[in-house]
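Asker: Just dropping this structure here.
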Amino acid sequence: MSAPDLKRAAAERAIPLVEDGMRLGIGTGSTAAAFIKLLGERVRAGLKVTGVPTSEATRIACEREGIPLATLEDLPELDLTIDGADEVDGSLRLIKGGGAALLREKIVAVASRRMVVIADASKHVETLGAFPLPVEVNLFGIGATTRAVEAAVARAGCTGETVRRHDASGAPLLTDGGHAILDLRLGRIPDPEALSAGLWAVPGVVEHGLFLGIADAAILAAAEGDAAVVSVLGRL
């Protein structure tokens, strides 16, 4: 069973959570893209929802599927957000931001009554940190900000390197908000809460990819032979 099949299986399990009339946060990334396609089918069959996208890429995908959209200015409180994750541990702590949408993803998730993660089971880890942790930073003073971020990482008991992210063309990547991303290649994060607090204390840090105390459940799809087996962390 391929990775796209597993992502679709996780997305399929999330679709019944979407009820008529819901205000829905819609995530970014390949698993969220599978969810958007399935949601579009439901909308064309008569389901009435209003979505708030977490990136320009998600907005375009939703418009292609005919999903009605709004902003958090229109709908400041959402019923549910469905989004992917780069890593999730047993306490539902996440690393997100591989798709460079972490700022909008966190704003939308926190504006929601519930957040449910969809992912293939390879994203379930014992300790966060194997996936690089994205830190979104202002372009002004980026050299000083990078040094301060590295000092915060050391104080939190982590080691590794800090790399500015580039896009597919090789140019420094800019987020939808016009910020840079520093990827922290740490290997493991022994105390995510301490690292989160340390990063927040750095002027110039706009957001980071640790989502702590935000997700309510995670739907994880694993391959078992030719079939997908779906499990749930937390409560749907």
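Backbone N, Cα and C atoms are what each Cβ position is placed from, and that goes for glycine too.
So Swiss-Prot lists these for the protein:
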type	residues	note
BINDING	Thr28, Gly29, Ser30, Thr31, Asp83, Gly84, Ala85, Asp86, Lys96, Gly97, Gly98, Gly99, Lys123	substrate binding site
ACT_SITE	Glu105	active site, proton acceptor
Asker: Given that the record lists Thr28, Gly29, Ser30, Thr31, Asp83, Gly84, Ala85, Asp86, Lys96, Gly97, Gly98, Gly99, Lys123 as binding substrate, what is the largest C-alpha to C-alpha distance among them, in Å?
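Answerer: Comparing all Cα pairs, the maximum is 16 Å.
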Asker: Whole-number answer please: how many Å between the C-alpha atoms of Gly98 (substrate binding site) and the residue listed as 'active site, proton acceptor'?
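Answerer: Distance between the two Cα atoms comes out at 11 Å.
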Asker: Only counting partners 6 or more residues apart, tell me which same-chain residues put their Cβ under 8 Å from the Cβ of Ser30 (substrate binding site).
Answerer: Pro4, Lys7, Gly84
Asker: Translate the DSSP assignment of the residue listed as 'active site, proton acceptor' into the three-state scheme.
Answerer: helix
Asker: In which DSSP state, out of helix, strand and coil, do we find Gly98 (substrate binding site)?
Answerer: coil
Asker: Given Thr28 (substrate binding site) and the residue listed as 'active site, proton acceptor', what distance in Å do their CA atoms have, once rounded to a whole number?
Answerer: 8
Asker: Taking DSSP as the reference, which of helix, strand or coil describes Ala85 (substrate binding site)?
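Answerer: For Ala85 (substrate binding site) - judged by DSSP and reduced to three states - the answer is coil.
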Asker: I'm trying to understand the geometry here, so how far is the Cα atom of Lys123 (substrate binding site) from the Cα atom of the residue listed as 'active site, proton acceptor', in Å to the nearest whole number?
Answerer: 18
Asker: Pick from Lys96, Lys123: which of these binding-site residues has the biggest number of other Cβ atoms within 10 Å of its Cβ?
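Answerer: Its Cβ has the most other Cβ atoms within 10 Å: Lys96.
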Asker: Roughly how many Å lie between the Cα atoms of Ala85 (substrate binding site) and the residue listed as 'active site, proton acceptor', rounded to a whole value?
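Answerer: Cα-Cα, rounded: 10 Å.
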Asker: Specify all same-chain residues, apart from the site residues Thr28, Gly29, Ser30, Thr31, Asp83, Gly84, Ala85, Asp86, Lys96, Gly97, Gly98, Gly99, Lys123, whose Cβ lies within 8 angstroms of the center of the Cβ atoms of the substrate site, ordered by sequence.
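Answerer: The surrounding set, listed in chain order, is Gly27, Ala32, Glu105, Ala119.
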Asker: Which chain-mates of Asp83 (substrate binding site) that are at least 6 residues away have a CB under 8 A from its CB, listed by sequence?
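Answerer: For Asp83 (substrate binding site), the qualifying residues are Gly25, Ile26, Gly27, Thr28, Gly29, Ala32, Thr54, Lys96, Glu105, Val108, Ala109, Met115, Val116, Val117, Ile118.
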